[in-house]
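The annotation disulfide bond is assigned in Swiss-Prot to C30-C81, C34-C57, C42-C62, C46-C64 on the grounds of sequence analysis. What Swiss-Prot records for 20-82 is domain 'LCN-type CS-alpha/beta'. The feature cysteine amide is assigned by Swiss-Prot to C81. Here Swiss-Prot flags 1-19 as signal peptide.
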Amino acid sequence: MKGLILFICGFMMIGVILAKEGYPMDHEGCKFSCFIRPSGFCERYCKTHLSASTGYCAWPACYCYGVPANQKVWDYYNNKCGK
């Protein structure tokens, strides 16, 4: 029984570790703006385009939570926006 509980907890932790968060990028590598977007846009965008669990407008850019590890999100150190 203890082994089963440990297995389930370990399996749940894998999901937490493999999920990440961050800003989605547009085609130029810039943060995806939500400045003039309707309410709920970022959540829909994150879920449909990045398979994220949720998202919101962290004015002025969308921010996504629960992004799968294989999806790219904006990174300060590898920023290619406007270059």
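Using N, Cα and C of the backbone, Cβ positions are placed for all residues, glycine too.
Worth saying up front: this structure is predicted, and the values here are computed from it rather than measured.
All features noted in Swiss-Prot, drawn onto the structure.
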residue : record         : DSSP class
C30     : disulfide bond : coil
C42     : disulfide bond : helix
C57     : disulfide bond : strand
C62     : disulfide bond : strand
C81     : disulfide bond : coil
Average pLDDT across the domain 'LCN-type CS-alpha/beta' (20-82), rounded to a whole number: 95
Cβ packing number for C57 (disulfide bond), 10 Å threshold: 19
Rounded inter-Cα distance in Å - C57 (disulfide bond), C64 (disulfide bond): 9
Using Cα positions only, nearest of the disulfide-bonded residues to C81 (disulfide bond) (C42, C62, C64): C62
Which disulfide-bonded residues sit within 10 Å of C62 (disulfide bond) - Cα, from C30, C34, C46: C34, C46
Those residues of the chain, 6+ apart, with a Cβ under 8 Å from that of C34 (disulfide bond): F41, C42, C57, W59, P60, A61, C62
Residue among the disulfide-bonded residues C30, C62, C81 whose Cβ has the most other Cβ atoms within 10 Å: C62
Residues that sit under 8 angstroms from C46 (disulfide bond) by C-beta distance, when 6+ apart in the chain: P24, A52, T54, G55, C62, C64, Y65, V67
Number of Cβ atoms other than its own within 10 Å, given for C64 (disulfide bond): 27
